[in-house]
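Among the features that Swiss-Prot reports, transmembrane segment is placed at 35-55, 62-82, 219-239, 260-280, 594-614, 622-642, 667-687, with the record citing sequence analysis. According to Swiss-Prot, the active site, 4-aspartylphosphate intermediate annotation covers Asp313. What Swiss-Prot lists as ATP binding site is Asp350, Glu354, Phe383, Ser384, Ala385, Met386, Thr387, Arg388, Met389, Ser390, Lys401, and the listing cites sequence analysis. Feature annotation from Swiss-Prot assigns Mg(2+) binding site to Asp524, Asp528; the stated evidence is sequence analysis.
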Amino acid sequence: MTNKQQTLFEPVLIRNALMDSVKKCHPAAQWRNPVMFVVYLGSGLTTILWIAMLAGQFKGNALFTGNIALWLWFTVLFANFAEALAEGRSKAQAASLKGVRKTSWATKLHSANRNGSREKAPSDSLRKGDIVIIEAGETIPCDGEVIEGGASVDESAITGESAPVIRESGGDFSSVTGGTHVLSDWLVVECSVNPGETFLDRMISMVEGAKRRKTPNEIALTILLTALTIIFLLVCVTLLPFSIFSVEINHSGQPITVTVLIALLVCLIPTTIGGLLSAIGVAGMSRMLSANVIATSGRAVEAAGDVDVLLLDKTGTITLGNRQASQFLPVPGITEQRLADAAQLSSLADETPEGRSIVILAKQRFNLRERDLRSLNATFVPFSAMTRMSGVNVENRMIRKGAVDAIRRHIEANHGKFPEAVEILVQTVARKGGTPLVVAENQQVLGVVALKDIVKGGIKERFSEMRRMGIKTVMITGDNRLTAAAIAAEAGVDDFLAEATPEAKLALIRQYQSEGRLVAMTGDGTNDAPALAQADVAVAMNSGTQAAKEAGNMVDLDSNPTKLIEVVHIGKQMLMTRGSLTTFSIANDIAKYFAIIPAAFAVTYPQLNILNIMHLHSPTSAVLSTVIFNALIIVFLIPLALKGVSYRPMNASALLRRNLWIYGLGGLIAPFIGIKLIDLLLTLLILK
């Protein structure tokens with residue numbers, strides 16, 4: 001897959017869509033759309049009437065009936081074409097993904113030991129739990145987690161990004177995807193899925209899934225359109241006997257014909273939005289994929305448009321994410337070198353960027369070399385989201401580093417005293433927007449390591465846009481409240497959650513949802529999975545863990561947490577497109593009434609000619625012009641349905657006024673102009 005944007009009307013896509021639009025004329029396919037199914041039945045009935053007239057079995061104007069039948073079929077075909085074109089774009093994207101999926105040979109290890117026994121096995125035979133080693137130049141055979149090693153990986157086949165990425169054990173960049181290529185070094189990977197369940201397989205099935213589930217708003221709108229169709233159907237059915245009765249009573253005029261009744265019905269029902277509704281939904285998912293985000297369903301895209309609370313991780317979303325150790329700040333009585341030595345020891349097995357930067361800073365400041373933890377008989381204590389600290393046990397030294405509250409609990413649990421001087425150091429670092437990392441040895445606090453982070457350029461303006469859209473932004477961070485408050489003020493977020501734990505994230509989401517709000521968040525770690533599963537829109541990072549990707553309802557192939565803002569924009573654009581075209585369609589119908597109703601009943605009530613405010617040539621030309629316009633307007637709106645309406649951040653009332661002016665008033669005016677032009681053309685060409 002590449003990031004190359006498909007043009008809206010590529011010749012291949014149009015050719016395939018034209019063929020698919022004919023195939024979709026099968027009754028089973030038409031039945032899924034109640035509005036267009038009525039048009040489909042009307043097309044068939046007028047065709048039968050036209051054939052009967054040609055055969056002399058039925059009295060009527062065969063030329064007029066044939067033209068009505070032809071344009072009713074065009075209406076069906078144009079609606080099919082819109083949906084087929086939207087689906088064709090998704091199928092083309094799926095085809096490029098299928099080109100990535102291929103069977104290769106993998107080197108399977110019998111144990112987690114890189115130097116242990118190994119054997120060759122086809123990639124499609126690998127199962128969850130199998131361990132493989134991938135050397136430079138080889139293809140990663142399965143989705144999995146890196147358990148040893150680090151390498152430069154080319155993920156362009158999946159993400160479209162040509163720049164290689166680093167995948168390594170530990171941290172948030174340990175997840176690898178089958179079908180990508182190792183460019184340098186080596187990786188030992190534990191497979192996390194069985195054959196047929198890989199991320200690539202799921203991407204393909206999501207993109208090309210023929211049985212697209214309708215979203216709740218789409219279902220609600222379909223019910224409304226169906227109800228309107230049934231009402232107009234009942235009205236039109238009663239008009240024929242009413243017309244016959246009127247002619248008999250008045251002894252003048254002619255009854256309305258079945259052909260005109262069918263044309264009247266098709267023009268009364270909301271065929272414009274009925275024909276484009278499915279295409280809008282498919283195109284929404286396609287636009288999401290063009291942004292390198294895979295949505296599990298249209299429901300997720302639609303929910304993104306309704307979101308009013310964004311939970312954003314500080315690191316990588318609001319800040320650049322590469323926090324680096326900048327300073328060792330010892331407490332009184334402790335030398336800076338002793339603090340640096342303890343901090344380095346606790347970080348030797350720490351795979352995070354922060355841990356590595358501490359090792360580098362200690363080496364630069366005091367020429368402290370890395371030591372082998374095995375030779376020291378040391379036990380590394382990994383970071384936990386629950387304890388919020390990590391460290392090492394070496395000989396009689398128990399060294400820990402972590403958040404200030406976590407170290408305080410650790411010291412107090414070991415009957416030590418947490419000095420006030422540390423609080424002063426922590427506040428000094430926090431007020432500058434840095435992150436304080438407290439280091440302790442046994443029951444004694446040694447000092448603070450200052451970590452620097454930088455707020456991304458332009459992020460404050462983006463949050464201002466969110467605010468204008470009525471969306472509340474909340475920064476989530478493990479930092480203390482002072483640091484969080486400083487960065488939140490600099491970034492311009494509405495609120496923040498400091499010292500966040502998985503339980504705190506989950507509780508915050510549930511709190512907002514209990515207030516009737518829809519919540520969106522991003523995540524990449526296993527500890528994010530519960531909150532991702534609870535959120536209404538959950539965007540998991542492709543570089544994250546398998547648990548996070550399974551808990552989310554979207555996956556960002558670029559692993560860019562800031563993408564959440566773009567996801568919300570695409571979701572709102574899809575809802576705006578559906579709402580705008582619905583407004584345009586209903587306004588269209590109101591305008592069409594002025595053209596077709598006087599024309600339809602002119603033969604029964606000649607006095608109704610006074611309502612011919614557009615001065616159309618004749619009742620037959622008026623009816624045919626309206627039917628032709630009803631079909632052509634679908635074609636003209638296909639680009640808008642697929643690309644989406646232009647969306648600018650503003651409050652709901654201003655947005656409503658803008659759309660009523662553009663699509664409401666535009667929908668009223670367009671039919672008057674279009675029908676009149678078609679009537680003039682018909683008068684010149686065929687009608688007398």
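A Cβ is built for glycine as well, from the same backbone N, Cα and C atoms used for every other residue.
Each residue contributes its Cα atom, and for Asp524 (Mg(2+) binding site) and the residue listed as 'active site, 4-aspartylphosphate intermediate' those atoms are 10 Å apart. Between the transmembrane segment (622-642) and the stretches 35-55, 62-82, 260-280, 594-614, 667-687, it is 62-82 that has the most C-beta pairs under 8 angstroms. Touching of the transmembrane segment (260-280) and the transmembrane segment (667-687) is ruled out by the presence of fewer than three CB pairs under 8 A, sequence neighbours closer than 6 excluded. Ranking the recorded positions Asp313, Asp350, Thr387, Lys401 by Cα distance from Asp528 (Mg(2+) binding site) puts Asp313 first. For the transmembrane segment (62-82), the list of distant contacts is 17-18, 20-22, 24-25, 29-30, 33, 36, 39-40, 42-43, 46-47, 49-50, 53-54, 259, 262-263, 266, 271, 274-276, 278-279, 620, 623-624, 627-628, 630-632, 634-635, 638, 641-642, 686: same-chain residues at least six beyond its ends, Cβ to Cβ under 8 Å. Reduced to three states, the DSSP call for Asp528 (Mg(2+) binding site) is helix. The list of residues near the transmembrane segment (594-614) in space but at least 6 beyond its ends in sequence, with Cβ under 8 angstroms from a Cβ of it, reads 243, 246-247, 252-257, 260-261, 263-264, 267-268, 620, 622-623, 625-626, 671-672, 675-676, 679. Around the Cβ of Asp524 (Mg(2+) binding site), a 10 Å sphere holds 27 further Cβ atoms from the protein chains shown.
Separation of the C-alpha atoms of Asp350 (ATP binding site) and the residue listed as 'active site, 4-aspartylphosphate intermediate': 21 Å, rounded to the nearest whole number. All protein chains shown were included, and the count of other CB atoms within 10 Å of the CB of Phe383 (ATP binding site) stands at 19.
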